[in-house]
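Peer 1: Before anything else, here's the structure in question.
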Amino acid sequence: MTGGEARPALANPGLLATLLLVLFVFLGPLPAFAVNPNEVLADPALEQRARAISAQLRCMVCQNQSIDDSNADLARDLRILVRERITNGDTDRQVIDYVVSRYGEFVLLNPRLGAKTIVLWAAPGLLLLIGAGAIIVFIRTRPSQRTVAALSAEEQARIDELLRK
Amino acid sequence: MIIEIGHYALVLALATALIVSVMPMIGARRGDMALMTLATTGSLTLFLLVTLSFGALTWAYAVSDFSVMNVWENSHSLMPMIYKYSGVWGNHEGSMMLWLLILTFFSALVAVFGRNLPETLKANVLAVQAWIATAFLFFILLTSNPFLRLNPAPAEGQDLNPVLQDLGLAIHPPLLYLGYVGFSVSFSFAVAALIDGRIDAAWARWVRPWTLAAWTCLTAGIAMGSYWAYYELGWGGWWFWDPVENASFMPWLAGTALLHSALVMEKREALKIWTVLLAIMTFSLSLLGTFLVRSGVLTSVHAFATDPTRGIFILCILALFIGGAFALFAWRAPMLKAGGIFAPISREGALVLNNLILTVATATVLTGTLYPLVLETLTGEKISVGAPFFNMTFGLLMLPLLVVVPFGPMLAWKRGDLLGAFQRLYAFAGLALLAGLAFYYAQHGGPVMAIFGLALGFWGMFGALADLWHRGGFGKAKFSVAVRRLAGLPRSAFGAAIGHFGLGVTVLGIVSATTFGTETVVEMKPGASVDAGGYSLTFDGMRDAVGPNYTESRGHFTVARGGVTVADVWSAKRLYTARRMPTTEAGILSFGASQLYVSLGDAMDGGGIVVRIWWKPFILCIWGGALVMMFGGFVSLSDRRLRVGAPSRRAKAARPRLEAAE
């Protein structure tokens, strides 16, 4: 058996980070539709790294598929390339940098934070802040409606006067 | 002849839609009853005409009339009958026809069941529905006519895309559209109310069943689509964050928010403006989804530019309706009076938090989906936004939501008691953690943090049970009393609990399948065995087979556990003859809620074949949870207070005033 069992690799064991990773980073596919037994690296640790990197690289000739999922020839070549670089001792970062230098940013399914993607990455947090801010303002202004309903000293005096009659 | 009748019916439908667009609205302004009732008869006529037209197209598919271009392009005489029928909407023109059919179906439903609506509101709602119908009728007739003829008629069709030759196509699009397009009713109610300038709790009560019905269908449609992709595409993934998926997911997220905010509006008259805005946004996202999927803009900005008529047309519809609705909103919304006051810690507050997170999640998916498009259009630079981005951002947003869901129903309206909610829930939280631990232990290993993920799933389920537990007063009152009290609860209370329970089930399935799933890629020769998920699969060999319109080569596997044969499964690679297109037909075995998924790869030199085997523990919970959510929707819909169109049937004389909510 050349393939063996593959489990998603866990990166940083920080508590929240790990939880999130477990929950969501691998939320989608555990795919490798296309990884062939003869491509698989002998060292399981290296193979896991290769898989994790492959899942982040786009198959350029497919629609929205990572090279890990695709059985296109180009995807296969890229998978082999990634494994070659890893066996040659590249770090994950170096492998990805190399692929990007050859194919451009388009190849990254997880776009890098940069001037062009700052809006993309900031949007969720920013919107959450704006939304929360709007709600706080909304709630803060609400009591003012209640104070409108409350009586001014003058009105209170008048009521007291009326009640005394 | 029948085809021409169908075409003509579509033209008549356009004329009818135009009349219904204008006349009832004039009637509503002038208080002219005759013009207003035109909306009811007109909407029914419209539905009838569109059905007739749709029926004509279906007939052409059923008898394989290849003189109709649309049939020739997407059908084949040898195709099984069921796919001939479902093939009607397996293409651009046909799917737009289905869109229209369902839109007019909803109009007809409002016309029939909306007998108790105030006349002006009903007239306006149906008129707005007719505006949408008009736009899409123009679109179909001018750019996507399914009734075009070919002369001479070809002898044989070009076959339906093999991926679509599946029962999934028969069920998925109609369900999805029932949801997608069903939100048009909420939209029309919102626009009609803005035109009227009057929105109250009664409005929310009328609009809620329609939203709920659409949401229920959309839930089922998305789940169905996900399962279809899972078994059809052959690599075991079930959600890809594909733009097309996102297009249907965004209305679902917004619709879920709408469902909850309409609740606040109905019970407490608060969040009026927000609810109206959300109703507009939800259907706008449906329209946007239609544009994204139908214009071809997603495949490539350039594909869009080569044949822009359709895309531009839908873009215009989009701009018109979304822009128009927002303009109307901006003009009218300030006139709406604010409603009930509530403390931050209250049921309303919890629902506001729900809305905040769901809306931001929707916006995140929207940003991620459109960002590459916008960036390329503006700077010419190409980037990708794929699954890793969505999993991270969307996941981060869902985490707090899942944690707080069980608290919502525990808080009282107006002013809630957070400490009390904690006291009521901590036992259930402890149980959830224990269940997570037990589940983790039973799965032998995996990342320790998975326990918390599992516990989160159980938390959703137990939290929903806790809701019913406390409403019944179990543990405080006598058991029999509590049961009676539980039985007396409104169905909508059960619906909410069931829906939240289903959410927990889905989360459990996601966490389990992704953390404990295994994958085995191996080259196998006949007689070889391989272990997966505690089962042993033996490859018995390949056999060739011929289907009605395909040939296939399938492998047989015997599955054993502990030396005892428990099942066998076929997995195949198919070649559809007409299009020379290969597909993978995965072999799937279910053991309880877990599945063994066997997919064939390439044949290797020397008689071996690449086999990919996935063990997916509890993966069926993902879709099972969605089914439970859907069931919750139905239960809620059957609540007599909410029964479609029956908001005040019991008190017809008292219309349109409604008794207090509970």
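Every residue number used here counts from 1 along the chain in the order it is shown.
Cβ atoms here come from the backbone N, Cα and C positions, even for glycine.
As listed in TrEMBL for this protein:
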type     : residues  : note
TRANSMEM : B:6-26    : transmembrane segment
DOMAIN   : B:89-295  : domain 'Cytochrome c assembly protein'
TRANSMEM : B:96-113  : transmembrane segment
TRANSMEM : B:125-142 : transmembrane segment
TRANSMEM : B:175-195 : transmembrane segment
TRANSMEM : B:207-229 : transmembrane segment
TRANSMEM : B:249-266 : transmembrane segment
TRANSMEM : B:273-292 : transmembrane segment
TRANSMEM : B:312-331 : transmembrane segment
DOMAIN   : B:315-640 : domain 'Cytochrome c-type biogenesis protein CcmF C-terminal'
TRANSMEM : B:352-374 : transmembrane segment
TRANSMEM : B:425-442 : transmembrane segment
TRANSMEM : B:448-469 : transmembrane segment
TRANSMEM : B:493-516 : transmembrane segment
Peer 1: In the same chain, which residue numbers or ranges, 6 or more beyond the ends of the transmembrane segment (B:96-113), come under 8 angstroms Cβ to Cβ?
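Peer 2: Beyond its ends, the transmembrane segment (B:96-113) has Cβ neighbours at 13, 39-41, 43-44, 46-47, 50-51, 53-54, 57, 88-89, 122, 125-126, 129-130, 132-133, 136-137, 139-140, 144, 146, 173-174, 177-178, 181-182, 184-185, 188, 210, 290, 294, 644-646.
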Peer 1: At a C-beta cut-off of under 8 Å, are there same-chain residues at least 6 beyond the transmembrane segment (B:352-374) that contact it? List them, or none.
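Peer 2: Tertiary neighbours of the transmembrane segment (B:352-374) are 241, 243, 246-247, 249-250, 253-254, 256-257, 260-261, 264, 271, 274, 278, 285, 292, 297-298, 301, 382-385, 389-390, 393-394, 397-398, 400-401, 404-405, 408.
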Peer 1: Hey, which of B:125-142, B:312-331, B:425-442, B:493-516 has the most Cβ-Cβ pairs under 8 Å against the transmembrane segment (B:448-469)?
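Peer 2: Going through each listed stretch, the top one turns out to be B:493-516.
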Peer 1: How does the model score the domain 'Cytochrome c-type biogenesis protein CcmF C-terminal' (B:315-640) in terms of mean pLDDT?
Peer 2: 90
